[in-house]
Amino acid sequence: MGRYLLRRLLQLVPVFIGTTFLIYWLVWAVPGDPFAGKCGERRCPDQYIAFMTEKYHLDQNVFVQYANYMKNLLQGDFGQTFSQREISDIILTSYPNTLKLAVVALAIEAIIGLGAGVLSGLRRNGFLDNLVLVSTLFLIALPVFVVGFVLQWLLGVQWGIIKPTVSSEMRWSELIVPGFVLGSASVAYIARVARTSIAENRRADYVRTAIAKGLPMRRVVGVHLLRNSLIPVVTLLGTDLGALMGGAIVTEGIFGINGIGRQVFRAIITKESATVVGIVVVLVLVYLVMNLLVDLLYAALDPRIRYE
Amino acid sequence: MSDILVSEQSAPGPGGSGRPSGRLLEVDDLRVEFRTRDGVAKVINGVTYHVDAGETLAVLGESGSGKSVTAQTIMGILDTPPGFVTGGQVRFHGKDMLRMSDEERRRIRGEGIAMIFQDALSALNPVFTVGFQIAEQFRVRRGMGRAEAKKRAIDMLDQVKIPNAKGRFNNYPHQFSGGMRQRAMIAMSLALDPEVLIADEPTTALDVTVQAQIMDLLAELQRERQMGMILITHDLGVVADVADRIAVMYAGRIVEEADVYELYAKPAHPYTLGLIDSIPRLDEKGQQLRTIKGLPPNLMNIPPGCPFNPRCPMAQPVCREKVPPLLQVGPARASACHFAEELVNRV
């Protein structure tokens with residue numbers, strides 16, 4: 001297990017360098033003057049332009065720029081926005097909100113998705129199974145913004161059950177509906193994967209053995225069947241967590257949550273290249289770590305992978 | 001190992017009703033059909049056999065003859081759908097298991113009747129250690145603590161002669177060799193001291209040298225524990241050393257039942273005769289292998305009369321009209337052939 005972990009960690013290094021370079025290159029390669037409109041109506045003062053050009057090595061090629069950027073980054077310096085605000089500040093204030101929303105969405109995906117999947121997989125072609133199939137198809141077909149706006153309007157405006165937007169305190173109870181919106185499509189996918197997996201393994205020889213051992217049905221399903229069926233579901237949940245932590249531009253936008261998704265969206269619109277790169281680098285890192293965790297969890301669930 | 005015998009006696013039979021004079025386990029006129037999209041396959045058409053404590057019954061037959069389905073019905077692990085029991089009884093200590101509650105049947109599994117499967121690799125759960133899967137029974141069924149269950153599980157691995165049982169406890173099934181896996185499977189099935197052990201082709205997936213070892217082990221354990229054993233196989237060679245009685249199945253019926261020596265010496269059914277004739281013999285070198293001509297019948301469309309008649313070298317017009325019942329043709333032997341008497345009486 002130790003060697004497996006080390007190998008996986010080493011694999012992260014080239015992936016991290018490759019992805020961050022691509023992002024850096026792409027963001028700064030966007031055509032247009034980075035100083036356009038930065039100083040209000042007037043053209044920016046030459047002094048400011050010279051200062052910024054110097055600071056970001058804008059007169060040098062992209063490799064030198066990237067190397068300098070990484071050097072600072074490794075020392076924990078994300079740089080500043082054009083208005084001299086610390087980028088790390090932006091990330092630190094908005095990222096916890098995104099994480100909170102991601103955790104709620106993941107919990108909803110795991111509980112509803114897995115629950116519906118297991119129940120429908122055990123009773124294939126029953127009423128519940130058909131209900132799950134139809135409702136998941138519905139969720140998959142609907143774009144997130146439709147689900148978001150409809151629920152916000154229905155629950156928040158028409159019926160007044162929830163507040164239409166999330167307050168800045170980000171209470172957990174306020175996040176349930178946004179979390180569901182964010183996880184809605186994934187809930188459906190997880191339910192379907194779990195259903196197939198359960199139904200497939202239900203007829204496996206080892207399940208028959210477990211029954212033949214005289215174990216109670218509860219244990220046959222809850223221990224023997226579930227543990228094997230969870231493997232594909234966990235993979236899906238894990239990769240989804242990586243995506244959830246990447247921020248949710250649409251959901252955060254609808255419910256007015258100050259998350260990383262909104263920040264990156266704003267930065268792209270205003271051509272705050274340093275901010276975009278800074279945030280995306282963090283997101284890449286989170287995504288890679290999440291993927292590693294999934295693989296480790298995968299190995300923990302399936303010993304045949306561990307010993308390869 | 002004698003303590004096992006003692007502990008077995010002390011536990012009352014899980015069947016409940018004490019022990020009436022009857023058999024330990026009997027299958028009586030069992031009928032099972034598979035309802036599929038293409039039609040109804042009559043897989044078991046009135047199977048009757050029994051097994052008593054301390055004896056081994058071999059159930060012999062080609063693939064598709066219904067021998068495994070009968071075993072699955074006894075164990076209550078028949079896949080429903082497509083399989084449905086349409087008639088007959090399975091009596092354990094005289095009580096019909098097919099009419100018991102699910103909970104009552106569950107209690108018999110493992111403790112009253114246990115089963116070994118053909119392919120131990122797929123029959124063992126790949127994500128749990130072998131030790132866990134054996135200890136699980138002691139914990140769930142006997143309420144033992146972790147440490148005690150582990151001790152008992154290691155003891156079981158020892159009994160099936162797995163070297164370094166203690167070290168192997170934490171291994172996963174894929175880390176075992178084929179033979180060791182089947183031993184672990186046997187250890188698991190015997191953990192709760194079952195009165196009847198059903199072994200469904202226990203050696204088919206193994207290579208020949210290991211086959212013999214596993215059969216020896218099974219025979220030894222059966223003798224020590226005085227279990228009733230049902231050995232399902234298509235291999236006549238395996239049967240000869242181990243079984244006391246043999247029941248031959250064809251198209252979901254028992255066509256012949258006899259003591260093992262009598263059956264080999266004088267088969268009372270042309271199908272059995274064909275099977276024995278098709279065993280390769282050392283003293284007939286250079287001869288072509290004899291086979292039974294034709295194919296087993298389509299179970300969705302079993303021929304009228306004796307189901308074996310299209311392949312039978314002795315077939316007469318009567319065979320195409322009347323299904324021969326399984327009748328006594330001597331002391332403790334029976335055959336379902338219109339010409340059984342002639343077969344037995346020939347020199």
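Cβ from N, Cα, C; glycine included.
TrEMBL: automatically predicted annotations, no manual curation.
Straight from TrEMBL, the features:
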type	residues	note
DOMAIN	A:95-298	domain 'ABC transmembrane type-1'
TRANSMEM	A:12-30	transmembrane segment
TRANSMEM	A:101-119	transmembrane segment
TRANSMEM	A:131-155	transmembrane segment
TRANSMEM	A:175-194	transmembrane segment
TRANSMEM	A:276-301	transmembrane segment
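Contact counts against the transmembrane segment (A:276-301), taken as Cβ pairs under 8 Å, peak for A:12-30 among the stretches A:12-30, A:101-119, A:131-155.
Same-chain residues lying 6+ beyond the ends of the transmembrane segment (A:101-119) with a Cβ under 8 Å from its Cβ atoms: 128, 132, 136, 172, 175-176, 178-180, 182-183, 186-195, 197-198, 221, 226, 229, 233, 237, 240-241, 244-245, 248, 251-252, 257, 259. Long-range contacts of the transmembrane segment (A:131-155) within the same chain: residues 116-117, 119-120, 161-162, 164, 177-178, 180-182, 184-185, 187-189, 191-192, 195, 248, 250-251, 254-255, each at least 6 residues beyond the stretch ends and with a Cβ under 8 Å from a Cβ of the stretch.
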